[in-house]
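Straight from TrEMBL, the features:
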DOMAIN    A:11-75  domain 'MrpA C-terminal/MbhD'
TRANSMEM  A:52-70  transmembrane segment
TRANSMEM  A:90-111  transmembrane segment
TRANSMEM  A:123-142  transmembrane segment
TRANSMEM  A:149-166  transmembrane segment
TRANSMEM  A:186-209  transmembrane segment
DOMAIN    A:191-300  domain 'Na+/H+ antiporter MnhB subunit-related protein'
TRANSMEM  A:221-241  transmembrane segment
TRANSMEM  A:247-270  transmembrane segment
TRANSMEM  A:282-304  transmembrane segment
Amino acid sequence: MTLAFDMILCLMIVGTAAAALLMRNALAAIVFFIVLGNLLGLAWLAMDAVNVAMAEIAIGAGVTGVLLILTRQRLMALGDDLVSAEMPGWLRTGALVACAGFAALIGSAVLSVAPADDLGGSIAALMPGLGIENPVTGVLLAFRAYDTLLEAFVLLGALVAVWSLAPRGAWPQRPAALALAENGGHGVAAAFGRLLLPLALVMAAYLVWAGSDLPGGAFQAGTVLAGGLIIAAIGGAVSWPRADDRYLRVALVLGPAVFLIIGLAGIAQGRFLFYPPGFEKALIVAIEYSLALSIGVTLALQVAGPPVAPDHEG
Amino acid sequence: MSPLDLLVAVPLALMIAALLLGTWVRWLLLTAIPVMAGLTVWLLLLPEGSAHVVGDWNLPLGVQLRADGVAQLMVGAMAACASIVGLYALHEFAPGPDRSETAHGYAFWPLFYLLWGGANAGFLSTDLFNLYIALEMVSLAAVAMAAMGSLRAALRYFVIALVGSLAYLLGVALLFANYATVDVTLLAEMARPDLATKTALAVMTAGLLIKAAVFPLHGWLPPAHAAAPAPASALLSAIVVKVGFVILLRLWFEAFPAIVAPAGLEVLGWLGALAVLYGSVQAIRQDSLKALVAYSTVAQIGYLLLAFPLVATAAGSGGAWAGMTIHAIAHMLAKAAMFLAAGLMLKAVNGHRLKDLHGLARAMPLTVAAFGLAAVSLMGLPPSAGFIAKFLLLEAAVEQGAVFAAAVLIVGGLMAAVYLFNPLAWTFAGSDTPVVEATAPLRTAAPLALALLAVSLGFAGQAMVDVAASATSARLPAAVAVDVR
Amino acid sequence: MTVLLHLYPLTGVALVGLGFYGFLILRHPLRQILAVNVVGAGIFLVLGGLGRGAASTDPFPQALVITGIVVAVALTAFGAALILRVAEDERAPDDKAAAKTTDDHT
């Protein structure tokens with residue numbers, strides 16, 4: 001990558017972000033936000049952070065983008081046109097000055113720190129012991145497995161929190177359907193969805209496997225799976241399960257549960273989240289597969305929203 | 001084996017179990033209480049400063065868990081609060097008629113265990129990024145619980161809390177870039193008074209002040225805490241705000257005591273003083289009981305910040321440190337008791353105003369007694385834990401000639417007496433006995449137990465001071481005193 | 001030279017500033033959540049961009065950024081659901097009255 005490319009990319013990122021924030025039209029703003037996510041993905045690629053690039057494009061742009069578009073659509077249906085009340089000019093100017101000053105402060109703090117790859121060496125030294133090649137997976141699933149474990153519970157907790165918002169009489173029904181057409185799963189969209197879902201499954205499985213050695217991993221794979229589920233739901237090829245569906249609940253907790261059980265089993269060997277020598281890769285891959293499944297289902301249901309009363313559906 | 005990781009892992013395992021159990025979910029608590037109580041006792045028995053990394057990965061790569069005095073006291077008070085509030089909630093978050101699941105009855109329990117695990121993670125970890133995730137676990141559960149009362153207040157809380165988290169995360173990013181570690185104990189050895197560190201400390205503090213609802217960033221708290229169902233209010237006011245506070249302690253007194261400017265400590269002290277005065281005035285002005293109790297939280301959080309300059313100056317004695325820590329747990333127990341008692345009283349009279357409590361002391365003597373005992377601790381009257389805390393803080397303030405802080409401590413106590421006496425006076429008003437539905441014995445016992453604990457812990461004052469202050473010698477190097485003077 | 005090394009982190013700082021400005025001036029909660037996501041993306045650029053060595057980016061901050069992205073989407077999903085429920089509540093006066101009485105009871 002050349003310097004000119006980097007500079008143009010950064011200018012585009014800042015410009016797109018400004019558009020995502022300042023466009024009056026909410027839909028246009030969301031579209032610019034999605035473009036921003038993809039440009040940020042390019043930025044991460046330019047920084048040789050392929051794992052982050054995949055996560056940013058899939059989650060930051062993809063899932064978040066779908067979520068925002070869907071929420072906007074549902075708000076419009078409720079008669080909320082997403083127009084922000086205009087602030088008085090002097091308040092806007094005040095906010096602008098304050099934020100510019102804040103950014104200047106943070107910017108000078110950033111400039112005072114020299115970029116450095118400080119932990120890369122010690123991570124590289126420890127990687128052979130894990131039997132996997134991708135150092136980011138190593139950090140996520142070994143050195144900082146505790147962070148990742150807690151994060152898996154944040155994701156699960158967020159779905160429970162979404163569910164807790166179910167209106168009166170809606171529990172334990174299904175979330176509102178995403179289907180574009182009410183033809184009950186015929187037509188092009190449905191066929192596309194039916195075709196895409198198995199493809200998404202295969203690709204997710206590949207991403208987990210590749211993630212041990214190449215860029216990829218449970219989060220990227222889970223997002224691909226979620227994407228497949230959401231597209232299939234939009235096409236009407238799958239319908240959301242009821243919130244009290246047994247299989248659903250097992251699928252949701254599988255990843256966090258496997259992670260936690262392996263972590264607790266480590267106590268017998270020495271410490272919480274300790275992987276016995278020789279089994280590191282096997283345990284990491286087991287955690288990643290189960291996590292990917294749970295993350296996929298959890299993200300898809302988060303996008304779907306809380307259950308609704310049957311007569312509201314559609 | 002160590003309780004440091006089990007205190008987080010067990011609540012998370014319970015969260016999974018809760019998600020799978022369906023209509024039986026609430027009875028899981030009967031397993032949770034003895035197990036968590038056992039782990040907490042184990043933690044309290046650990047030698048001071050026990051610590052280990054998670055897995056096999058040493059610092060700076062790994063995450064360190066540690067039992068210092070603050071963590072021991074906070075985890076202990078958390079276990080007491082969560083157990084008793086949980087017992088109270090058994091009735092509130094139950095299956096619907098004909099044993100069907102309800103959204104709140106089902107979702108409350110996983111969120112409850114997420115909150116418990118997240119708070120313990122926040123008290124026990126020394127890694128600032130790990131603490132970010134713990135903070136999010138707690139905030140997520142807290143907002144969802146607040147939404148069970150008022151969606152609007154919860155949305156406001158959510159948006160503000162999001163900004164607080166990001167401010168904190170921005171500081172973590174700067175610190176990581178500057179030191180290649182975000183472990184508090186390592187940062188303490190490397191701390192440099194450079195621009196990046198100071199900026200990081202400032203933005204993280206601002207984020208945490210939002211999370212801890214410190215004046216003037218408290219606006220989200222009263223509506224959210226006042227509208228939530230009683231057990232949720234109790235957890236929000238008692239526990240959630242304390243997680244942000246403990247992380248503030250880690251930053252100011254552990255990672256960067258050598259570089260914090262006295263002026264910074266003074267600003268925090270002033271914010272604390274303003275919080276005490278403003279929260280108390282607002283509490284006096286409320287005529288809705290739960291709003292009064294919620295504003296009292298704003299005031300009581302103020303004391304924690306008021307103590308910051310006192311703690312930094314009193315490095316040697318540790319009295320101020322112990323006073324601050326004991327105040328945190330005394331407030332946990334007393335405020336949880338007060339919200340539960342308020343919930344019972346308001347349910348009984350089917351109202352929310354102070355005047356609805358008319359004569360209630362004759363109909364619900366035990367519940368009013370619980371409210372009164374909790375008030376004793378919040379006002380700082382002997383022999384309660386609240387008294388020990390305020391006494392230690394006052395002593396430190398007088399020793400240091402901090403006249404203003406001493407005055408705020410005294411005036412705050414008097415104002416607390418005013419706003420807490422008011423609802424109690426209503427419960428004794430008149431001479432007729434209002435007819436109310438009988439409350440289940442367990443629900444009557446819950447606030448009473450918490451309030452009795454808050455009061456009787458005062459008798460264990462010396463033991464608490466020992467636990468809290470033993471950390472001080474290690475925590476506050478003599479350099480602090482030199483720097484501040 | 002130093003500015004060029006700092007190109008991506010400084011871009012991140014610009015996103016943080018813009019995002020906070022958007023947060024302050026946009027009064028609709030969905031737009032505010034979008035603004036908060038822009039701030040988050042900026043912070044991730046600071047975290048990752050300052051963790052760059054000669055050859056590649058330090059895997060440690062990369063992992064922290066991935067964790068951060070997942071936490072952000074989880075919170076965004078909950079926030080979006082909450083905004084929708086608030087809007088629904090305002091549309092349905094019956095529900096609102098019912099919700100009010102629950103407030104009073106508890």
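Here, residue 1 is simply the first one shown, and the rest follow in order.
Note that Cβ sites are derived from N, Cα and C of the backbone, with glycine treated the same way.
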Leading stretch by Cβ pairs under 8 Å, where the reference is the transmembrane segment (A:247-270) and the options are A:52-70, A:149-166, A:186-209, A:221-241, A:282-304: A:282-304
Long-range Cβ neighbours of the transmembrane segment (A:186-209) (under 8 Å; 6 or more residues past either end): 180, 216-218, 220-222, 224-225, 227-229, 231-238, 285, 288-289, 292, 296
Which of A:90-111, A:149-166, A:221-241, A:282-304 contacts the transmembrane segment (A:123-142) most, counting Cβ pairs under 8 Å: A:282-304
Sequence-remote partners of the transmembrane segment (A:149-166) [C-beta within less than 8 Å, at least six residues beyond its ends]: 173, 243, 252-253, 255-256, 259-260, 263, 273, 291, 294-295, 298-299, 301-302, 305-308
